[in-house]
């Protein structure tokens, strides 16, 4: 007889290799064809609502690895919530206005914007943005991200723009919107104002100069001829200098150096003296800053004076304590000058070029003027020192070019008027990680008013009209009318119609007695676009609510979307738009470096999908501490693939050993299951409990680690291993075999549901092979909660202790193998002596020890002399004296007892005789 035919070997069509790059697209197509997203919503209808609100990526270019990290993290949460008692819709969004799209058209597509009608150019921008959305949508779907991809929210749609106008109007009605002249971040490369959120800092090489301003009219304090020393890294702002700021309470000194007398802050005497190389400087006089208020000094190259003013912004951190003040080029400069009745003066145009107001420098780009201005200072004797420094300097985050401060007339949101409310709301939000609260709190506490106007074409128009006297007109009537116009026609109508045609019929204003009106030509900051999504999406879309349960974005969004959304929401509703905020770090290469084409270290999501599969990328996301910066490389993905193989092979083994198991007819009642099976089901409950806790705290790495550890240690190394001797060898319906299969079935169905949010393609594939599944898709089921198992605490403790015994035994077997005492563990007979009473009690209560240790015989003895010493037992390993059974490979002294089956042990002979007699 061929005894192989009598073994119940594992059988499954579930493939060992995932072949994910080929299979995932097919599965995604099936999900789309069966409309699984709609089925998920239908199944969970009536449950509590859970809304993760998508921060909209910018609709330009292919998605990068940071996008993949972001969208996959969101998908973990939404999928998990829909499998744990919630109704969790997911509406993806896109941010579509702004300079990058204008640039893409003018540079890449060679469109000449200034030769076109604005409305026509805007239509090209819209077409481009929608094309980019279609491209990114497919790339996100390829990651396995589930959502309402056919109905995303897009910031250029009519309904969205209409709701944004409402937000603007609500803020204006409360007095939070105003127009004012003051210095703002200005990007000459974009020819537009920028908000703080659009600034990034990069190193820049700049001239560092010390300049002398000679006193003219020192009042009673100074005799005349003394020189204030200022320090600056922006010589190009000196043509706009109108003053010198001192701190009222600082002590200033007059220092004699050769024939010259210089004025600096006393606290900076040593630093300045060293920097300027002074020899034998003598302090002649000291006075408080407030005593010098009103003194005038001669401008170093123009025939005008600069006023000495007092400002709180003056410090002794660097410089001289005498601060060059150009009210058109600095915020502190602007405010301190205004308090002295000095208006902003800005002789630089929108391109960063000097105007006629800066004689001698007209037509020069500001940065090019540094050299000429420095030479002019040197020629006049006002330049005391020139050197070059590299420092962190604000750049336009889109063009990567330096920005300047430039005083212009702009529209602002008056953050100061509701700052206290924002700060209070920040405290009500749950922050992951916790430091996010402090980070945003400090940003809001320190930020100035928000410049919301941009001098560009592609964006939502600022819905303001001007009367004949120049007064801005914003009323509920005009706002509601414009909002409805945008809802019906889109915002392009603003550029297609005259002001009169955009106003309500019969509209009149005291500011336009003749009925003539003009319209604003600036557009809104794109952060106002996305920052209004709480109104356009959370309030207005079905199955949504404001506040959302969670916002999740990169840590750069504390200054961006988290901030703008919070500002507009608190302004309009008094409340934060979110209950919780989660931030993730940036994706770096394997060495912790930023990715760049020049370094050749860029990991592209689509390439990973084609080479390894999206589930590998998703498993990597689940394995990292995403709240800090994370690393990815080919080697790291290779390690992730190994982890994936371990999990996949565990599922395959479980499926293969359930081929002849029907849960409806073969399941063993829990109280009748073998103790070891109940213990393993209990261990499963621990995994479920911990995983639920971590999922709910948005901690995914521990979930991955728990599942991987359970598969590797609890299952592969123990439960799946020892059970082969029962599953393959015993009769099909043997109680112990069915008990193990009952345990396997619960482990399999629970684990595949638990990991489904992380690797949805693989989980679905496993589900298709599970006998008698409860639903058509694993994603249309609920993850089980941890439950009580029919096993008492003492029994659990016993098995926990047994695992320590097993560790000692396995170590002894391994040593015996390396010493060539045995080959395979089934050749062994082991003797075990407990080192304490507790261990002895556990051993005495155990049955089937030889199977749990995968040896041919295990004997418990009181003492051992020649043994391997372990932590809780001593173990002696020797070759078993019996013969090896041809069927089960166990060495037994009963081999040969059955004359019909002389090569079998008594157990196998009995099984074959009873069940395979024919």
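Note: Cβ is positioned from N, Cα and C throughout, glycine not excepted.
Which of 594-598, 599-603, 604-608, 609-613 counts as motif ''KMSKS' region' depends on Swiss-Prot, and there it is 594-598. Looking at 57-67, 68-78, 79-89, 90-100, the range annotated in Swiss-Prot as motif ''HIGH' region' turns out to be 57-67. Rounded to the nearest whole angstrom, the C-alpha distance between residue 553 (L-isoleucyl-5'-AMP binding site) and residue 908 (Zn(2+) binding site) is 61. Cβ contacts within 10 Å of residue 885 (Zn(2+) binding site), excluding its own Cβ and spanning all protein chains shown: 25. Residue 888 (Zn(2+) binding site) falls within neither a helix nor a strand when secondary structure is assigned with DSSP, and so counts as coil. Other than the site residues 885, 888, 905, 908, same-chain residues with C-beta atoms no more than 8 angstroms from the centre of those residues' C-beta atoms, the Zn(2+) site, are 729, 886, 887, 889, 890, 892, 895, 904, 906, 907, 909. Considering only the binding-site residues 888, 905, 908, the Cβ with the fewest other Cβ atoms within 10 Å is that of 888. Taking the motif ''KMSKS' region' (594-598) as a whole, pLDDT averages 83 in the prediction. Taking the Cβ of residue 553 (L-isoleucyl-5'-AMP binding site) as centre and 10 Å as the limit, one finds 22 other Cβ atoms among all the protein chains shown. Within its own chain, residue 597 (ATP binding site) has no residue 6 or more apart in sequence whose C-beta sits under 8 angstroms from its own.
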